[in-house]
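Below is one structure, written out as structure tokens; comments come after it.
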Amino acid sequence: MATILLLLLGLLVGLPLLRAHGVTGSAAPTPPPLPVLPVPSYAQLQWQLSEMALFLHFGPNTFTDSEWGSVRADPAVFAPSALDAGQWARAAAAGGFGRVVLTAKHHDGFCLWPSALTNYSVAASPWKGGAGDVVGELAAAARAEGIGLGLYLSPWDRHEPVYGDTVAYNEHYLGQMTELLTRYGDVEEVWLDGAKGEGKDMDYMFDAWFALIHQLQQRVVIFSDAGPDTRWVGDEAGVAGYTCWSPFNKSTVTIGHIIPEYSRCGDPFGQDWVPAECDVSIRPGWFWHASEKPKNATTLLDIYYKSVGRNCLLILNVPPNSSGLISTEDMQVLQEFTEIRQTIFSQNFAANATVTASTVRGGLGNQQFAPSNVLQESIYSYWAPEEGQSSWEMLFDLGQSASFNVIQLQEPIQMGQRVIKFRVEILVDELWQTIVEGTTIGYKRLFQFPVVEGQFLKLSIDGARADPLISFFGVFTDSFSVTYSLENHEKPSVVNSSEVIMLRTDHSFGNKSIATM
């Protein structure tokens, strides 16, 4: 009996030590902080993670050298000689685009699938003897390449005779939408264009459309000027606002009637999660024209910085030509654009950095929310501070001096968008010098600036809707961009408004009560 009592006493005395060293699992883990509403749905989150989509404007306009087309265009003009939807899908997959979005019906009303509700479709064309189905071929090609399918169905239909009759046309439109969403498998995005020119007045029953789309495709996102799932950024240049919130009030705008600055910037007080989508064409027009040439790869890179790099999704239009292929010169630009991005973002100078932070949620030793989590490029692990702070700091020791001109920041947006104001500084000659100041971060924020060199960086967050959460911090070199390349070290005469260079100099090294992970 005495031996048993001694053993029990030893266990009781040793238990605190075992707990202190993590031998037992009895200590309760620290839960994640509460999300800050609104937050994305599953479909919205997957949409944002894909970063880019490839837009495909194709139809009779391709053959008639027009943009909005004509209701009088003979279906016989649609006669691609070498249409290869597989080429379109392969180009998208190779370029890092998460989905393809096809103009299944543009404003001219011509349908790229054999719709039973109109005689103005591929079924009336000579292509494949009237037995062709562009939507079907692209759906199969997208599945084969492991990318998603999106469909554009223009609300404005210049051909349909019942357009202008509220009940009849809404029934017609819902019928065509049902065909598209029940014949071709999963559809990840439905694109509703707000454009409308001349013609009859028409009241669209958008709520009924949205309900049907979500009913037929549970993981779809719907794009329009006003959502409900993703919004137009307000321009066709592919450029988002310097400040860009995903929170938004859908009731503030209507389809076809936007407030440009509100759409560009979003709303920190918005009640709805409606992230912005930036649309732009690789060519001057949306449809292919033999007389037009594509943008170059560095122009696309600049657009990438100002769209994906400002918390948006980039949808880049690359229109197939009249043969039914993406032109060789466009393919070359896409390849160069991809190679440039891979070169820039394949070497992160902060990948092996030592990271410290002013506080850590759950205590300095809590690995779950450790500062080092920001070195993993994933929104599902992140640094979180203790509650009750009003400003926050993270310090980065790169291990050795590096020259760089791009910084990437990310928030775990599944927890809501939080950061309102931040800055990044570099230690130069024992002085902290500000290299960038920013407002929002969101899913991804990319900053360009003239080349700097140093080993120690500091991220200071000066304002947030709630305790800030950071999921990634990266440091890169871009030697391709004309403005901020290694060959152009001098500060440009005109600095883009999204970059504020060397604003502040002081001797403060931040809070010394830091955690190192």
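Placement of Cβ uses the backbone N, Cα and C atoms for every residue, glycine included.
The model shown is predicted, which means the values in this text are computed figures rather than measured ones.
Marked as N-linked glycosylation site by Swiss-Prot: N119 (among others). In this chain, none of the residues that are 6 or more apart from N119 (N-linked glycosylation site) has a CB less than 8 Å from its CB.
Look at N249 (N-linked glycosylation site): DSSP puts it in coil. Cβ contacts within 10 Å of N249 (N-linked glycosylation site), excluding its own Cβ and spanning all protein chains shown: 16. Annotation source Swiss-Prot lists N-linked glycosylation site at N249 (among others).
Counted within 10 Å of its Cβ, the other Cβ atoms near N296 (N-linked glycosylation site) come to 13, all protein chains included. DSSP assigns N296 (N-linked glycosylation site) to coil in the three-state reduction, outside any helix or strand. For N296 (among others), the entry in Swiss-Prot reads N-linked glycosylation site, with the evidence type sequence analysis.
When secondary structure is read from DSSP and collapsed to three states, N321 (N-linked glycosylation site) falls in the coil class. The annotation N-linked glycosylation site is assigned in Swiss-Prot to N321 (among others).
Its Cβ taken as reference, N352 (N-linked glycosylation site) is surrounded by 11 other Cβ atoms within 10 Å in the chains shown. Annotation comment: Swiss-Prot describes N352 (among others) as N-linked glycosylation site.
Residues or ranges marked as N-linked glycosylation site by Swiss-Prot: N496 (among others).
For N511 (among others), the entry in Swiss-Prot reads N-linked glycosylation site, with the evidence type sequence analysis.
What Swiss-Prot records for 1-20 is signal peptide, and it gives sequence analysis as the kind of evidence.
If you take the Cα of N352 (N-linked glycosylation site) and the Cα of N321 (N-linked glycosylation site), they are about 46 angstrom apart, rounded to a whole number. Across the structure, N249 (N-linked glycosylation site) and N296 (N-linked glycosylation site) place their CA atoms 36 angstrom apart. Separation of the C-alpha atoms of N296 (N-linked glycosylation site) and N321 (N-linked glycosylation site): 18 Å, rounded to the nearest whole number. Of all Cβ atoms in the protein chains displayed, 19 besides its own lie within 10 Å of the Cβ of N321 (N-linked glycosylation site).
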